[in-house]
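Heads up: the structure comes next, in structure tokens.
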Amino acid sequence: AATTPELADKKKYPYFFRTVPSDNAVNPAILKLLKYYHWKRVGTLTQDLPRFSEVRNDLTGVLYGEDIEISDTESFSDDPCTSVKKLKGNDVRIILGQFDEEMAVKVFCCAYDEEMYGSKYLWIIPGWYENLWWESWINSSQCLSKNLLAAMEGYIGVDFEPLSSKTSKTISGRTPQQYEKEYNAKRGDGQSSKFHGYAYDGIWVIAKTLQRAMKYLNATTKHQKIEDFNYTNHKLGKIFLDAMNETNFFGVTGQVVFRNGERMGTIKFTQFQERKEVKVGEYNAVADTLEINNSVIRFQGLEPPKDKTIIQEELRKISLPLYSILSALTILGMIMASAFLFFNIKNRNQKLIKMSSPYMNNLIILGGMLSYASIFLFGLDGSFVSEKTFETLCTVRTWILTVGYTTAFGAMFAKTWRVHAIFKNVKMKKKIIKDQKLLVIVGGMLLIDLCILICWQVVDPLRRTVEKYNMEPDPAGRDISIRPILEHCENTHMTIWLGIVYAYKGLLMVSIAFSVQHGFQAVIYDRHELNYIYFPDGWDKYIGMSVYNVGIMCIIGAAVSFLTRDQPNVQFCIVALVIIFCSTITLCLVFVPKLITLRTNPDAATQNRRFQFTQNQKKEDSKTSTSVTSVNQASTSRLEGLQSENHRLRMKITELDKDLEEVTMQLQDTPEKTTYIKQNHYQDLNDILSIRNFTDSKDGEKAILKNHLDQNPPAQWGSSDPCRTSKDPIEDINSPEHIQRRLSLQLPILHHAYLPSIGGVDASCASPCVSPSASPRHRHVPPSFRVMVSGL
């Protein structure tokens with residue numbers, strides 16, 4: 001009845017037979033159990049004793065070649081906690097233990113401390129421990145009884161079956177149950193051994209072997225009998241050995257068969273359930289069959305534990321309802337863009353639309369629609385398309401969004417640049433910029449985009465990459481771990497390429513902002529003050545609002561999108577909303593004001609657009625503005641003539657300024673210079689008045705100053721008035737002293753008086769003193785200045 005595996009060595013013990021299965025007999029049963037539950041990865045924990053080490057070594061040989069991996073082999077002498085911790089570190093879920101009862105208590109205490117129990121773990125240990133074996137050793141451990149029982153719950157013990165569970169009659173004519181009843185009756189209160197059934201069948205093995213040997217001797221020779229047996233008769237020993245190996249009958253312990261001297265018995269499986277061991281299955285070594293009672297065996301989880309941490313990769317995909325909602329908003333945006341396109345084409349001959357470059361408007365709409373279309377592609381991931389298709393979409397959606405952005409804002413830049421180029425022309429020379437040139441500008445910007453995108457695609461194309469995140473428990477409670485994965489469109493130098501694209505787009509936005517700020521301002525530098533002319537279409541405000549909102553939203557959207565790259569739903573929602581907002585606000589700010597104007601005031605669309613003149617004297621001064629009639633193409637030739645004459649008069653004024661300064665300086669030097677003034681500069685004053693008459697367009701005012709001078713010719717500066725001969729010379733208004741004082745005060749005022757005639761500044765106003773209905777030629781000198789000039 002020795003179970004040690006050492007006796008199985010037939011070289012040392014060729015005539016040895018066991019009446020009970022050896023300890024190694026459980027290994028084929030364990031193999032069958034592992035295959036039954038598809039466990040292909042196990043670990044072993046063995047006590048350092050030859051009895052257990054030999055079983056482990058034999059188990060290693062049994063599992064070898066059966067596609068079952070022993071991922072970790074641990075052994076211990078007294079403290080198993082270190083080995084238990086290593087098993088957990090190697091993610092061993094199915095542990096095959098070989099140790100006695102005392103060490104078993106320590107092992108399960110360590111398992112409790114390391115949380116290696118419950119639904120994720122299964123312990124398979126020897127089943128030959130005594131009943132309530134843990135109670136004898138619980139005091140020697142440092143863990144509580146309830147913790148020990150919690151860790152032990154569900155373990156499976158493996159041991160040979162003392163008696164067969166079948167109800168068939170054995171070779172003795174009794175069933176195993178009848179035998180057990182008769183045995184218990186005969187033994188009384190004496191202690192029983194679990195080997196009694198094997199001892200009973202062992203007697204039958206001896207009897208059947210002698211019977212077969214006697215039959216063989218009687219049939220082969222009559223000179224030799226069984227009574228002649230001795231231990232030196234090898235021939236008779238060989239007959240006994242063959243008869244033993246032929247043993248095969250049904251006994252109280254099951255089918256009795258020997259293979260290489262090893263008793264082939266029945267192996268039972270018991271499970272520890274609620275402080276007791278329950279039989280849950282058995283293995284028939286002769287037939288190599290396993291029977292598991294699934295109605296009795298219980299696992300602490302919803303299913304048997306896995307042999308390792310099952311990592312199920314789960315693609316984090318975009319929610320279908322979210323994709324549907326954002327797609328619906330995108331479709332509405334495209335419908336709105338189509339409506340604006342229809343409005344722009346239908347009213348392209350209207351003055352308001354015609355003056356705002358309808359072709360550029362169409363490009364802005366086209367860019368917005370391309371940006372809208374990119375949203376559909378950004379929402380397609382691995383749950384909708386294959387990996388190869390997703391990689392193609394990475395490139396397509398980048399191209400569409402980039403080209404759409406450049407088309408929309410490139411056209412907007414071209415429009416603002418044209419205004420900038422025209423109204424920056426200080427000399428008001430004729431300058432016509434046709435739409436063909438603007439199309440060339442937009443085409444050049446798109447060409448830069450294509451160069452960047454083509455280089456990007458050729459040198460470092462976008463690829464589908466998968467980012468794996470930390471494992472998460474299964475929400476459904478299964479014994480698996482979820483590893484979220486997320487698809488990205490990336491390449492080796494993603495940061496560099498994005499930096500190039502962002503820099504180019506940012507430069508485009510800055511250029512638009514610059515054109516908005518300066519393109520609608522014609523700067524006129526005068527020697528006295530600075531005037532600004534604003535383009536009164538409202539474009540500076542609306543384009544500025546568009547650039548501001550788009551710039552802020554793009555910066556915020558890019559930052560938040562980068563921070564939420566591990567949350568595809570949030571990232572897609574932010575990207576889509578940013579694109580929708582930017583495209584919608586741009587289109588609305590460009591077209592809604594025109595639509596409202598045409599709907600509420602159709603006549604305004606046919607009126608000539610006007611300029612507003614604004615002068616900023618101080619920051620705290622309020623701005624006052626008036627408008628002048630804008631120049632249209634029909635009066636281009638007339639404008640050229642006026643501009644040429646204006647330039648000539650400016651040059652003349654410059655010369656007169658110098659002469660006036662000389663007169664002032666000479667008067668301050670000596671009073672004797674009055675004769676020189678009279679003779680040489682009286683004609684210059686008439687020239688000033690003639691300039692005033694030339695620039696006046698009203699007949700009533702055209703000759704007012706000249707007639708006044710003709711009717712009241714200036715007195716001879718050297719003569720005296722008879723009415724004043726009796727007065728003090730100091731009081732004579734024509735005296736050199738009075739003339740010098742008047743000129744020192746009146747000449748600067750006179751300088752301001754004639755400036756309005758050529759587009760200059762009226763000295764009596766803080767802002768240009770022009771009538772909304774008056775042209776630049778229709779300005780007049782205030783009455784106070786007329787008096788001064790007449791007096792002069």
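Cβ coordinates come from backbone N, Cα and C, glycine included.
Any TrEMBL annotation is an automated prediction that lacks curation.
Under the heading transmembrane segment, TrEMBL lists 320-343 (among others).
Here TrEMBL flags 322-614 as domain 'G-protein coupled receptors family 3 profile'.
The transmembrane segment annotation in TrEMBL covers 363-384 (among others).
The annotation transmembrane segment is assigned in TrEMBL to 396-417 (among others).
Counting same-chain residues at least six beyond the ends of the transmembrane segment (438-459), those with a Cβ under 8 angstroms from any Cβ of the stretch are 357, 359-360, 363, 395, 398-399, 402-403, 406-407, 410-411, 413-415, 417-418, 497, 500-501, 504, 508. What TrEMBL lists as transmembrane segment is 438-459 (among others).
What TrEMBL lists as transmembrane segment is 502-525 (among others).
Beyond its flanks by at least six residues, the transmembrane segment (546-563) meets 409, 412, 502, 505, 509, 512-513, 516, 571, 574-575, 577-578, 581-582, 585-586, 589-590 of its own chain at Cβ-Cβ distances under 8 Å. Residues or ranges marked as transmembrane segment in TrEMBL: 546-563 (among others).
Tertiary neighbourhood of the transmembrane segment (569-592): same-chain residues 318-319, 322-323, 326, 329-330, 333, 336-337, 340, 343-344, 361, 364-365, 368, 371-372, 374-375, 378-379, 401, 408-409, 412, 542-543, 545-546, 549-550, 553-554, 556-557, 560-561, selected by CB-CB distance under 8 Å and a gap of 6+ residues from either end. Sequence annotations record features per position, and here TrEMBL assigns transmembrane segment to 569-592 (among others).
The region 'Disordered' feature in TrEMBL is assigned to 614-642.
According to TrEMBL, the compositional bias 'Polar residues' annotation covers 624-638.
The list of residues near the transmembrane segment (363-384) in space but at least 6 beyond its ends in sequence, with Cβ under 8 angstroms from a Cβ of it, reads 315, 317-318, 323, 326-327, 330, 333-334, 337-338, 340-341, 344, 390, 393, 396-397, 400-401, 403-412, 442, 487, 568, 572, 575-576, 579-580, 582-584, 586-587, 590. Confidence for the domain 'G-protein coupled receptors family 3 profile' (322-614), expressed as mean pLDDT, is 78.
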